[in-house]
């Protein structure tokens, strides 16, 4: 192993730059050459590859987004796309690859592994929906972004004695909604993994009113329904004319938290070590504060599950 490359793919997540920095500096420390691939798998197929030095990743640790850029390239799921990618890797004499991203990125990494190219996956997505790890890079930052907004919205909800609905990201996973709702004391948390009944939500709000509560916050993951649709349905149950805030892509941006920076640094360094050990086809993660690695194929077979105990706790504490 003399030369490795790194790419970021799919939706950006705060901490991707920190992970890239760790990969580059750890690899150079170990005597390897490092190349950056712009625009994910699209850039790989097009040969948009550049050499990275120690200085290339300076002033990156605190920056959100990804300086390697990102793009979605569904064509990489085809044999033609994968063979073009491997052709470019061989052309640039690259011996191993690190892929930072979510579920779709892992599918690309697995495809390269099956074709005999050593590839390591690093979980980078704000949704925290990757198996094999307790946390993904970017989740903690997104969580704190949502919590900051929730706290501010509660101020105005209190002032005007209103119900507010906050729509957060999470098409298939409700981790952002759950964790932010618990941390922010939301009166109701609506996630894709748990069915909900509007009668139960209204009953919870009514009980709050009966004991003097004059405002409420409901956090809704976008994968369940839009915040506006939820407000429309809620309005059919009486005088709950809620205001809606859609946080959108602000959740993806911002300077990564200390937790995400440290996590990204640890995972990036371990990815390089695995390539040096000739152990491709793995994805790194963190379990109980220990860095672990798992087979990418096995991770893709597993479905991310919501922390049921945490969900139940949030329900109890929001009474």
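Every residue, even glycine, has its Cβ placed from backbone N, Cα and C.
Just one of 3, 50, 154, 243 is listed by Swiss-Prot for the same ADP site as 21, 22, 23, 24, 25, 185, 186, 187, 211, 213, 214, 215, and that one is 154. Same-site candidate for ATP binding, as annotated by Swiss-Prot with 72, 73, 102, 103, 104, 105, chosen from 11, 170, 174: 11. Shown are the binding-site residues 23, 169, 250; the one with the most C-beta atoms within 10 angstroms of its own C-beta is 23.
All protein chains considered, the CB of residue 213 (ADP binding site) has 13 other CB atoms within 10 Å. Least crowded of the binding-site residues (171, 252), judged by neighbouring Cβ atoms within 10 Å of its own Cβ: 171. Note on proximity: of the binding-site residues 127, 169, 185, 243, the one nearest residue 104 (ATP binding site) is 127, by Cα distance. Residue 215 (ADP binding site) falls within neither a helix nor a strand when secondary structure is assigned with DSSP, and so counts as coil.
Long-range Cβ neighbours of residue 185 (ADP binding site) (same chain, at least 6 residues apart, Cβ-Cβ under 8 Å): 154, 217, 317, 318.
When the binding-site residues 21, 25, 213, 250 are compared by Cα distance to residue 105 (ATP binding site), the shortest distance belongs to 21.
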